[in-house]
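Novice: To start, I am sharing the structure in question, which I have written as structure tokens.
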């Protein structure tokens, strides 16, 4: 570089390191309707001021780096930088606070959850100045959400396809999840569907293993679906897991499912990745397939209160990336989920407009405009005694899935399905008659047992099964 060039490069530029808060902490900033807003739970290292830590998050997740660079002068940082515009303490946690960060829309590629997360959570979580960092919520503006297709079909279109209204949908995960041959797997699918379930399901890790290759499973499950439909007169489905080691293989499995004429496929969206999931969702929209989403690996990301990402953020990301169902916890079963928090992100999945409500963990008002909704799936350690609570908590627009609670019935798979269908119909009827399921639920189930021996047997076998542990994810 010539001396003349060096002089020009140094005009208005002072090398060195300066506090992030001098540039990225802007409490006077008024957020715009087009900004993406983030709420971070920040735990700074001892001696790091709250303003500096919040500004560091804004900087490292947008335009900043650890030192001043002269190329800052070649762009407009005021236009593109993230801004920490507010900081508030976390009640009961002296070392934690919530940092609110606003990101200008131009920082993100349209229609790409992958790019959104790479920017906002891709690098900053390893920052040494922070002991821990958790993304609690995102506000996605309509200007950005409209660049996504969203769910392939949505709740109303799914009900129309299935011709099922006025009640939750009923499902079952085939167990044991691994080890069955394709033919025996298909037999279990048939028995459960024949007994009265709407859906059966591959578990998240059922892909294409030596004991059951994917093509064989798809064929036997399709046979089971058609046989059960012919015998019951109801539309049935099985979530055929298309998740694979490559996107090309995943799409090949989805194409084969469509050729078989089945109504729904499945994807593990976190282990499979957002790019793969969005591609599959677009294919499902174009080809009339419903898309069931499993959240395998979510607890690695969202379980800890002070680090990672809350599931409400993953739920919003899924609604944009695309899925017609997603597992959302049960509140009453074996998996983590506090009631108010769970219902907060259930509303974020289903509703068009969700008001800010900190009592349910919703940090921002979210307007999805016309994006279709996603059915929440309650699954994990639930059985017939849970049916009143599940019906009352989740309402009609949900899928209730009983794996062990169906296949663990003492009389077999079909009677297990009958027991769950009878329990569901009894709870829906009682609710429609004005009865309080939260208070009278057990009595509703006992009354139904009088005319359903299958339900009576299920109630007897699971009458003392409870999962009573403290919930970690509290507000």
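Backbone N, Cα and C define each Cβ position, glycine as well.
These figures come from a predicted structure and were not determined experimentally.
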Novice: Can you tell which of 295, 303, 350 Swiss-Prot lists as binding substrate with 123, 173, 177, 327, 379?
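Specialist: Record check against Swiss-Prot: substrate site with 123, 173, 177, 327, 379, extra candidate from 295, 303, 350 is 295.
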Novice: Roughly how wide, in whole Å, is the group 123, 173, 177, 295, 327, 379 that binds substrate, by largest Cα to Cα distance?
Specialist: 36
Novice: Taking the Cβ of residue 327 (substrate binding site) as the centre, how many other Cβ atoms fall within a 10 Å radius?
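Specialist: Its Cβ has 21 other Cβ atoms within 10 Å.
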Novice: Which residues does residue 203 (Mg(2+) binding site) neighbour through Cβ under 8 Å, counting only same-chain ones at least six apart?
Specialist: 173, 174, 175, 177, 178, 241, 403
Novice: Near residue 201 (Mg(2+) binding site), which residues of its chain come within a Cβ-Cβ distance under 8 Å, counting only those 6 or more away in sequence?
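Specialist: Long-range Cβ contacts: 171, 172, 173, 174, 238, 239, 266, 292, 401, 403.
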Novice: If you run the three-state DSSP split on residue 204 (Mg(2+) binding site), which class comes out?
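Specialist: Going by the DSSP assignment, residue 204 (Mg(2+) binding site) belongs to neither helix nor strand, so it counts as coil.
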Novice: Using the centroid of the Cβ atoms of 201, 203, 204 as reference, list every other same-chain residue with Cβ within 8 Å of it (recorded Mg(2+) site), in sequence order.
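Specialist: Close Cβ neighbours, site residues excluded: 173, 174, 177, 202, 205, 206, 239, 241, 266, 294.
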Novice: Which whole-number value in Å describes the distance between the Cα atoms of residue 123 (substrate binding site) and residue 294 (active site, proton acceptor)?
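Specialist: Here the two Cα atoms are 26 Å apart.
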